[in-house]
Amino acid sequence: MTRLFGTDGVRGLANKTLTAPLALKLGAAAAHVLTAGTRPHGRRPVAIVGRDPRVSGEMLAAALAAGMASRGVDVLRVGVIPTPGVAFLTDDYGADMGVMISASHNPMPDNGIKFFSAGGHKLPDEVEDEIERVMDDLPEEGPTGHGIGRVIEEAPDARGRYLQHLADAVPTDLSGITVVVDAANGAASVIAPQAYEAAGAKVIAIHNTPNAYNINEKCGSTHMDQIQAAVLEHGADLGLAHDGDADRCLAVDSDGNIVDGDQIMAILAIAMKENSELRKNTLVATVMSNLGLKLAMEKADIQLRTTKVGDRYVLEELNAGGFALGGEQSGHIVLPDHGTTGDGTLTGLSLMARMAATGKPLSELAAAMTVLPQVLINVPVADKSSIMKSANVQAAVAAAEEELGGTGRVLLRPSGTEELFRVMVEAAEQEQARRVAGRLAAVVAEA
């Protein structure tokens, strides 16, 4: 049986694979698993539910809320808000669980459901497996009368509490900095521009008018050409691009050059080391991070630990080691002292705070890391599980590694959220990386 949960919750085409009946069952099962510890104390459990603006979000939120209420959980719906906002509010309200309805950077027709436990923490694999198991075993009948949970619509102070948290986390004056913000017509629209303005920056917002259908449509962190052009047009100091649920942030310097998650981590790691905030002198990244990050950290005398791809695995390593900074090349940056998950707005504030503190432009700060040529090709496949078992693929990987020698690397991995297999190649020269990656991708496509 195929596992329902991927690397970032449950995702699928809304109303096709991710349906309201499925959301109802997920809500009931998650409520049963995640609130079991509160029952002996006689307290009614509470769940926080947020979403991004895509059209299917309201339908799925209603179904999830019904499922949780049917198991005796009071549901507080907080409306459109970033994923890290749900994580924060789950902790801030003292809730027993949180749910975010979003497919992040995926196209509008998709949607997803991700759960948080008490304290705003993402679930480990074994808890997700338990939720899946319970889905098939729960009886249709639940509590009756006073035992049924209530659904409370749109908590009026939720966004304000989250905005105050961001201001408290990065108490800095950004006066004199002009920033273009691409909100991806997503959840960032209701938070990021406001947070940056509150810190004193001059904000030029683009793709900031969600209408339920335009989320991620040729905008946001997966379409960086938009913000590159806007930064140059407005003569801004930088640009910050978010994804649909605002848990990631990529940047653009004043010359229109992209500053990716690896470079952002390098900037913040060096800053935190200078301020004695980089606990155990360690940065946590994933195997997808550019080799240039490792070299930059060696130069800065900072230890680099790597994990599997997915911010949940970065989080696990951060928590296990007691470290203070981690993230992904894609722009998921985690600062555990200020949040339990990646937070794009917090990342943007932290990056601008470093610019303000040093008086240096983003281009100069980003020069701390030299990005090695890297090519990533997403190959559509019918069966992700069979690719690495293919003798042809194994032979192609071995040949590629021999060609690259010690000046590059090869990484093949399945997407955790889509029917894709990712082929990544780094090399000393761009053309070599492109050639090797193209050859590998062709073999994967035929496997």
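Quick reminder: no glycine exception, Cβ is built from N, Cα and C everywhere.
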Considering the Mg(2+) binding residues Asp243, Asp245, Asp247 given in Swiss-Prot, which of Ser104, Ser117, Ser363, Ser385 is annotated for that site as well?
Ser104
How big is the gap, in Å, between the Cα of Asp247 (Mg(2+) binding site) and that of Ser104 (active site, phosphoserine intermediate), rounded to a whole number?
8
Inter-residue C-alpha distance, Asp245 (Mg(2+) binding site) and Ser104 (active site, phosphoserine intermediate) (nearest angstrom):
5
Once Ser104, Asp243, Asp245, Asp247 are set aside, which residues in the chain still have Cβ within 8 Å of the Cβ centroid of the Mg(2+) site?
Asp52, Pro82, Thr83, Ser102, His105, Gly186, Ala187, His242, Gly244, Ala246, Arg248, Gly344
